[in-house]
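Everything below concerns the one structure shown next.
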Amino acid sequence: MPSDGRECVSIHIGQAGAQIGNACWELYCIEHGLDEAGFLKEEEKNKKQQSLQAFFSESMNGKHVPRAIYVDLEPTVLDEIRNGVYGNLFHPDQIINGKEDAANNYARGHYTIGKELIDVVLDRIRKQTENCEGLQGFLVFHSFGGGTGSGFSSLLMERLSVEFGKKSKLEFSVYPAPQVSTSVVEPYNSILTTHTTLELSDCSFMVDNEAIYDLCRQKLHVERPSYSNLNRLIAQVVSSITASLRFDGALNVDLNEFQTNLVPYPRIHFPLATYAPVISADRAHHEPLSVQDITHMCFEKANQMVKCDPSAGKYMAVCLLYRGDVVPKDVNAAISSVKAKRGINFVDWCPTGFKVGINYQAPITVEGGDLAKVHRAVCMLSNTTAIAEAWARLDHKFDLMYSKRAFVHWFVGEGMEEGEFMEARDDLAALEKDYAEVSRDTADLEEENDEF
């Protein structure tokens, strides 16, 4: 089957990356009619197969293998994949683990333990890319807070930039939640990894566990959400973002278009993701949702994947990715009604700011999952200055610990220089300033320039 040369290689790093990866590949297989081993199901064989090639390579015997690499510095999570339902989907070479973990320590992931694994990982990634006709880029899944997710990811991004200079690198990052913390040193790891990858990543979609946890509890009525509930919801967002590479649509968006439309300045590349409708299976029949309904839902704080307040910031760009039973006329009407609403503010140098994608493939859900099957859904990616609030929160936590030099010896003991902490923190202070700068009105800036 000829490829149209829009392949993407997914790289899943650490526990968060691997477990989100599981949820994504489970969903992709269902969307494309593949069984657990990657073969087309009988009823799918006569249908026209849409561009599976972007995410799967096909072997001689008709097996579809994900273009993906899983990496963790210790084996537990990856062993679960090897022995799990989709264990046969991947070639053993695609799943790579070390012997000891990064112990929540950026320096272990980036310097000591990570160094031992990086060449093997790059070699396997190279093999994946040699199998592509026209590689579009890489999707990197990881968390900011873990040692592997932060340290190894930034090491890998550095090496990918050297080896595949011009290829897009998009990140899906789990940002530390405001209230729920998985480790004390999350603020250190997050700020160190953000500093290292800030100049290397083209676009970084952030999700935070607390926001998704609340979505599962409040909208899906799951009393005690587990990581698998959270990850299935994240997978729907990832699927919406990548659907245009995998299916036909009226207005398709490829990887480079995301950057062009969402990233006004290279450093300001952290769009906020919102997905609608998030409704549970038992409520779906009572709520037929129009294009206008789901579009308005995207602008509600409760549907966001990161805790921040968009009404306190300004939008620089908005990308609306619809899928299912949606026609452009309805979308235009919905956008007009959104623009008329108060409390949705755009920066004055980018007054229009809406990019739309429509994909005819209806949203598909996992059997026995929490989400209802619906006829249409939308994923909104918005670059808003409000996300600066998330950085400010993190910087504050960093400052509290660093003022006492708490836990710093663990990092320095793994070969890091203490100077790196301040260098990273200064870079994030500059990032906060960048956000403040773009949200100021052009008129104010012109007045200041006149004074000089």
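Every residue gets a Cβ built from N, Cα and C, even glycine.
The structure displayed is predicted, hence computed values, not measured ones.
Cross-referencing Thr129, Thr182, Thr194 against the GTP binding annotation in Swiss-Prot, which names Gln15, Glu74, Ser143, Gly147, Thr148, Asn209, Asn231, picks out Thr182. The two recorded residues, Asn231 (GTP binding site) and Glu257 (active site), have Cα atoms 26 Å apart. Cα of Thr148 (GTP binding site) to Cα of Glu257 (active site): a distance of 30 Å. In the structure shown, across all protein chains, Glu74 is the one of the recorded positions Glu74, Glu257 with the greatest number of other Cβ atoms within 10 Å.
Within the set Gln15, Glu74, Ser143, Gly147, Thr148, Thr182, Asn209, Asn231 that the record links to GTP, no two Cα atoms are more than 22 Å apart, and one pair reaches that distance. For the recorded site, Glu74 (GTP binding site), the DSSP three-state label reads coil. Highest Cβ count within 10 Å among the binding-site residues Gln15, Ser143, Thr148, Asn209, Asn231: Thr148.
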